[in-house]
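**Q** Structure provided below as structure tokens; questions to follow.
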Amino acid sequence: MAKKTVLRLTGVERTYGQGETSLSILRKADFELKSGEMVALVAPSGTGKSTLLHLAGLLEHPDAGEVLINGAPCNGLPDEARTAIRRSDIGFVYQFHHLLPEFTAVENVMMPQLIAGLTQAEARKRASALLDYMRVGHRGEHRPAELSGGEQQRVAIARAVANAPLLLLADEPTGNLDPETAHYVFDALEALVRQSGLAALIATHNHDLANRMDRRVTLADGKIVDF
């Protein structure tokens with residue numbers, strides 16, 4: 001079965017500032033990401049990795065070009081529609097977990113599901129299953145401060161996919177972890193992506209992890225290129 005294109009960028013441009021102080025990050029950039037595909041985004045700091053992830057995640061608007069999620073153009077959509085797409089179709093993972101400290105692990109994973117309209121019972125059942133899959137189910141009733149760094153990040157990954165998104169965007173998801181823990185967390189992330197058929201774009205400086213993905217891209221002269 002042919003894989004579906006989940007994310008497409010066509011001729012995307014993004015510039016910050018104006019005049020002599022302007023900084024062009026993306027120049028007529030093209031990119032495609034298909035379901036079940038893991039792509040590593042490897043580039044030096046300051047070259048636009050976060051900008052690319054923000055555009056793909058509908059957190060920023062391109063100055064030109066088009067961003068399509070699951071074949072649907074997203075340019076010009078009102079904020080409410082963009083928010084709805086983010087909630088239903090896109091999951092985000094960051095270097096720092098951003099878990100809500102006052103809630104337990106299972107409650108953190110329940111949160112996006114409750115916002116999406118699931119009942120407490122439905123949300124708790126799925127949250128518990130995801131935590132079990134990420135091998136932290138036994139820590140479900142603990143708050144983030146009581147978890148190790150690797151456990152926190154696995155909870156954050158479970159939260160990111162709680163609403164079964166089509167697209168996962170991760171910005172240095174193992175960057176704050178020691179090498180052994182980073183590989184352990186990535187093992188869980190990779191298994192989840194492969195099992196669910198997610199499309200995943202993962203920014204990382206870790207070349208060992210990048211080499212485990214389906215392909216690698218970088219940013220060069222405002223373009224997104226394979227290497």
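Every residue gets a Cβ built from N, Cα and C, even glycine.
Note that the coordinates shown come from a computational prediction; the quantities given were computed from them, not determined experimentally.
According to Swiss-Prot, the feature domain 'ABC transporter' maps to 7-227, an assignment based on sequence analysis. Among the features that Swiss-Prot reports, ATP binding site is placed at A43, P44, S45, G46, T47, G48, K49, S50.
Each of the listed features needs to be described in terms of its position in the shown structure.
**A** Averaged over the domain 'ABC transporter' (7-227), the predicted model reaches a pLDDT of 94.
Around the Cβ of A43 (ATP binding site), a 10 Å sphere holds 19 further Cβ atoms from the protein chains shown.
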**Q** Count the other Cβ atoms sitting within 10 Å of the Cβ of P44 (ATP binding site), across every protein chain shown.
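**A** Here the count is 10.
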**Q** Out of G46, G48, which of these binding-site residues shows the lowest number of other CB atoms within 10 Å of its CB?
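**A** Ranked by other Cβ atoms within 10 Å, the binding-site residues G46, G48 bottom out at G46.
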**Q** What other residues of the same chain, not counting A43, P44, S45, G46, T47, G48, K49, S50, have a CB atom within 8 A of the CB centroid of the ATP site?
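**A** These residues sit around the ATP site: L219.
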**Q** Among S45, T47, K49, S50, the binding-site residues in question, whose Cβ has the most other Cβ atoms within 10 Å in this structure?
**A** K49
